[in-house]
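S.K.: I'd like to ask you about the structure that follows.
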Amino acid sequence: MKIPEAVNHINVQNNIDLVDGKINPNKDTKALQKNISCVTNSSSSGISEKHLDHCADTVKSFLRKSIAAQSYSKMFSQGTSFKSLNLSIEAPSGARSSFRSLEHLDKVSRHYLSEIIQKTHPLSSDERHLLSIIINSDFNFRHQSNANLSNNTLNIKSFDKIKSENIQTYKNTFSEDIEEIANHDFVFFGVEISNHQETLPLNKTHHTVDFGANAYIIDHDSPYGYMTLTDHFDNAIPPVFYHEHQSFFLDNFKEVVDEVSRYVHGNQGKTDVPIFNTKDMRLGIGLHLIDFIRKSKDQRFREFCYNKNIDPVSLDRIINFVFQLEYHIPRMLSTDNFKKIKLRDISLEDAIKASNYEEINNKVTDKKMAHQALAYSLGNKKADIALYLLSKFNFTKQDVAEMEKMKNNRYCNLYDVEYLLSKDGANYKVLEYFINNGLVDVNKKFQKVNSGDTMLDNAMKSKDSKMIDFLLKNGAILGKRFEI
């Protein structure tokens, strides 16, 4: 096992220049032209299949790099956190992003690596041994979801990609993430130390959150990925009692269980979240772990970490206790090299929120379950599933009345169906189906929330012009709140 020269003989600049260097805008284009020129008039050139495969791979690599540049350009130019930390770049002037954003990622990674190298130099022999283990470890990357993302090929899309394709699904990306770090064009993964065993995954939650019943695991990284030591937006490590493997630490250690809850950040305060590219990530993880171990007053924990024979599972327990590693791949992952592991059953509501048609069909086998499913669809504003259920089952006005009487569905307990059909964010196509098929009365007044209002009141409040126009054409009137 070998430690990089950067750690053996540390000689790092005190300040990493974060100003983007200039690149030749034609460099990659010329290289691409040179590599794909072989396919010109291929019918007469007698070119080999191996050569054609090489040309195709070159084009794929170029496109993958171009997509990554777009994702990083968006993140570094739009994220307000990067602007406040003087780590931002200018937005591209044209429609296309240059590879300058990828160069910027490398510079930002070197900046954070420089910070932690200076903080931890020099290393003891125990520290060097632990660092060598981490650097030479294989990683698994885990994406959890209630959606069915694979058949023979695993396809995971970023929130931005999903939105651009008008796909309706439950999201874990919030407005604060988009505004402050703008990393909504990346796919997210938890990170584990590989133990090369069949027992996967080692962890089932990330940052205390169970993101889904299906774990999709890959063992290969991306040349354009980046890693953060925590959730990129929420960089606070939770108290030990929220950790998935809390008993392991509570049973074996004392002081460290009170030390772990903290913000993980760089030199510019708690919003300064260290970022490492794929090449630097193992070194960054190792040095930050060593920095934490040095500060710990728990001698037993320190001895456990520096055990020369530490096994991969124990190392993973430590790293995902001290940190909550998060890996990000630009835009989309598509691979046939993966494992899918079902961790638990998926509830009907979770399957609906994830647009998991396979699970929905397995669970909704009769009209009674269809009532539940339709209520969940309306409550979660899942128009795609609502319309699917309406097309599959012959719903009547009596079905809607029975649905409203269900005691074990919170949406029907709290709201009238008419309210759910017309609330802010509801899809007017679903409302249109209900009215056109006589399932609800256009002017029925709400009996539960906003008692006395009608669907037109809701549409007026949300300023949904399509819904307003449709309701008015069908004779809708306002409820008593707006009567003069």
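Quick reminder: no glycine exception, Cβ is built from N, Cα and C everywhere.
Here Swiss-Prot flags GLU326 as active site, drawing on experimental evidence. For 369-398, the entry in Swiss-Prot reads repeat 'ANK 1', with the evidence type sequence analysis. Taken from Swiss-Prot, the feature repeat 'ANK 2' applies to 413-444, supported by sequence analysis. Among the features that Swiss-Prot reports, repeat 'ANK 3' is placed at 451-480, with the record citing sequence analysis. Annotation comment: Swiss-Prot describes HIS143, PHE188, PHE211, ASP231 as site 'Important for catalytic activity', evidence class similarity to another entry.
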S.K.: Could you tell me which of these recorded sites, PHE188, PHE211, has the greatest number of Cβ atoms within 10 Å of its own Cβ?
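M.R.: Comparing the recorded sites PHE188, PHE211, the most crowded Cβ belongs to PHE188.
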S.K.: Work out, from DSSP, the number of helix, strand and coil residues along the repeat 'ANK 3' (451-480).
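M.R.: Helix/strand/coil tally for the repeat 'ANK 3' (451-480): 18 helix, 0 strand, 12 coil.
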S.K.: Under 8 Å between C-beta atoms and at least six apart in sequence, can you list the same-chain neighbours of ASP231 (site 'Important for catalytic activity'), or say none if there are none?
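M.R.: HIS206, HIS207, GLN324, GLU326 - these are the non-local Cβ neighbours of ASP231 (site 'Important for catalytic activity'), listed in sequence order.
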S.K.: Using Cα coordinates, what distance in whole Å links PHE188 (site 'Important for catalytic activity') and PHE211 (site 'Important for catalytic activity')?
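M.R.: Cα of PHE188 (site 'Important for catalytic activity') to Cα of PHE211 (site 'Important for catalytic activity') measures 11 Å after rounding.
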S.K.: Taking 10 A as the limit, how many CB atoms besides its own sit near the CB of HIS143 (site 'Important for catalytic activity')?
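M.R.: That number is 23.
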S.K.: How big is the Cα-to-Cα gap, in Å, between PHE211 (site 'Important for catalytic activity') and HIS143 (site 'Important for catalytic activity')?
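M.R.: Here the two Cα atoms are 8 Å apart.
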S.K.: Let me check the 10 A CB neighbour count of GLU326 (active site). How many other CB atoms are there?
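M.R.: GLU326 (active site) is surrounded by 24 other Cβ atoms within 10 Å.
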